[in-house]
Amino acid sequence: MSKKFDYDVLYIGAGHGTFDGATPLAKTGVPVGVIESGLVGGTCPNRGCNAKITLDEPVKMVREAERLGKVLQGNISIDWNKNVEHKQEIIDPLPQGLTKRLEDAGAEIIKGHAKFKDNHTVLVGDKEITAEKIVISTGLRPHRLDVAGTQLAHDSEEFMNLSTLPKNLTIIGSGYIGMEFATMANAAGAKVTVMLHSDKVLRKFYQPYVKLVVDDLKKRGVNFIENANVKSFEEVDDGYQVNYGDNQKLTTDWILDATGRVPNLDNLGLDKVGVKYDQTGVFVNEYLQTNVENIYASGDVISNDLPKVTPAAYFESKYLMQLFSGQTNKPIEMPVIPSVVFTSPRIAQAGISVEEAEEKGYTITDSDLANYWYYIVDKEPIAQSKQIHDKDGRLVGVTEISDQAEDAVNSLLPAIEFKMDQEQISRLVGLFPTIGYAAWHRA
Ligand SMILES: Cc1cc2nc3c(=O)[nH]c(=O)nc-3n(C[C@H](O)[C@H](O)[C@H](O)COP(=O)(O)OP(=O)(O)OC[C@H]3O[C@@H](n4cnc5c(N)ncnc54)[C@H](O)[C@@H]3O)c2cc1C
Ligand SMILES: NC(=O)c1ccc[n+]([C@@H]2O[C@H](COP(=O)([O-])OP(=O)(O)OC[C@H]3O[C@@H](n4cnc5c(N)ncnc54)[C@H](O)[C@@H]3O)[C@@H](O)[C@H]2O)c1
């Protein structure tokens, strides 16, 4: 143990950017401290992935029941209140479980808001905590529109805690959260309007597939307003009014501001210690080290082009554990980070995008999966994929739209990450009949 400091490594934030690495690091006997101002586990378990996917599960089931209507008898619908209760039952134990894992490993958790005093000292209230190395892992928080009445809108966490689903819901933004939540609310019976900043939905995904999702939601009654230019929100007799465009108005019961997420760097004292950052996050080098030698960053708070998703935060915190415990002295080598939007159907992608493949002249193989074995079983009407191969026949990218796109892409990841050739791929014999096998069969 270093005698000069309270801890060898002090993490600020207890999300995936911290605990996946801090836990095994503490297990090796290294003195580790973790400061957390909210719930241990951070965004993903408490108000992100786990909470969202629990609410989405019945949506997936309703869609499947709709397709197998001839087989499954009776009307299936979502009881929103029960859905939220079920979600809460699932996520409530998570912070305690994660706290136990960290503490059992030997880490100490300090509750409160952290602020740098100097590059080795962090203040939590009046308490001074010192460490040899400090990791900034403070994640993101919802961006709020800078318009009059912005306080009348809500964020994704508030939506997921609604015990009664609003009859009429307006969502500002058509990124991940806008589209996933529009899908859930529509399936549970709300009248949903999505207001777009421009004319593009899910700009990071393959646009012809995005159009299929949007067209399907339109058929299901979701209203999309392009180039909305939201100007203000106000309270009116029968709810809330969104003022937009050229003196246009829309009355609604509830407004979800889903216009992105911004780094949690307020009141952290970064200027005091000279750590460089901007509105996109903290700047780091290839060792996840900031410009101040003993201060590192991990997870969503880093300024980079990676998708802001849990697996990236997980990988970074694991890397820092290896670096701090001497298991590596090499720069971080990020693997292929896949992404998926949990609409219904989903769009999932990994590796080279279709656009990049077109530019580089790679081979793009198109499959209409709606008529493909296994997708026929549950009658998926919207199911397509594009697999991308380089000139040596190696799989370098995949994009899929289907209700099981996330599992199809997951099963192809090893081929993309390890640049397998056709001979190696041909030796991978999957379980049959499964969605993964169906994906491999085309690889
Ligand atoms: C609605 C929603 C759905 C999502 N769905 C998915 C999904 O399906 N799949 C996926 O991979 N990703 C998803 N994500 C993204 C995922 O949640 C994040 O990528 C992940 O949580 C990042 O982990 P992190 O540790 O970097 O940050 P966080 O989990 O945000 O943790 C940061 C922690 O730092 C704490 N903190 C901040 N400032 C301070 C301070 N000064 N002092 C002390 N503590 C502080 C915060 O309280 C927080 O607990 C979703 C996000 C949202 C919002
Ligand atoms: N499935 C997943 O992995 C998943 C799910 C949810 C969230 N997340 C993470 O959370 C982050 C935040 O999600 P998000 O959906 O809030 O962000 P996003 O960046 O995906 O989308 C923000 C949307 O808001 C729009 N917008 C911005 N300013 C606007 C304005 N003034 N008026 C109208 N629209 C405006 C943008 O055009 C965009 O459509 C994502 O980047 C993602 O990393 C991931």
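Heads up, the Cβ atoms here are built off N, Cα and C, so glycines get one too.
In TrEMBL, the NAD(+) site is described by GLY173, SER174, GLY175, TYR176, ILE177, GLY178, MET179, GLU180, and among GLY74, GLY260, GLY269, GLY274 the residue recorded at this site is GLY260.
It is 11 Å from the Cα atom of ILE177 (NAD(+) binding site) to that of CYS49 (disulfide bond). DSSP classifies GLY175 (NAD(+) binding site) as coil under the three-state reduction. Between the CA atoms of ASP300 (FAD binding site) and CYS44 (disulfide bond) there is a gap of 11 Å.
Burial estimate for the binding-site residues (GLY173, GLY175, GLY260): highest at GLY173, by number of other CB atoms within 10 Å.
Those same-chain residues not listed among GLY173, SER174, GLY175, TYR176, ILE177, GLY178, MET179, GLU180, GLY260 yet with C-beta within 8 angstroms of the centroid of the NAD(+) site C-beta atoms are ILE171, PHE181, LEU202, ALA258. Residues from the recorded positions list (CYS44, CYS49, MET179, ASP300) with a C-beta closer than 6 Å to any atom of ligand 2: none.
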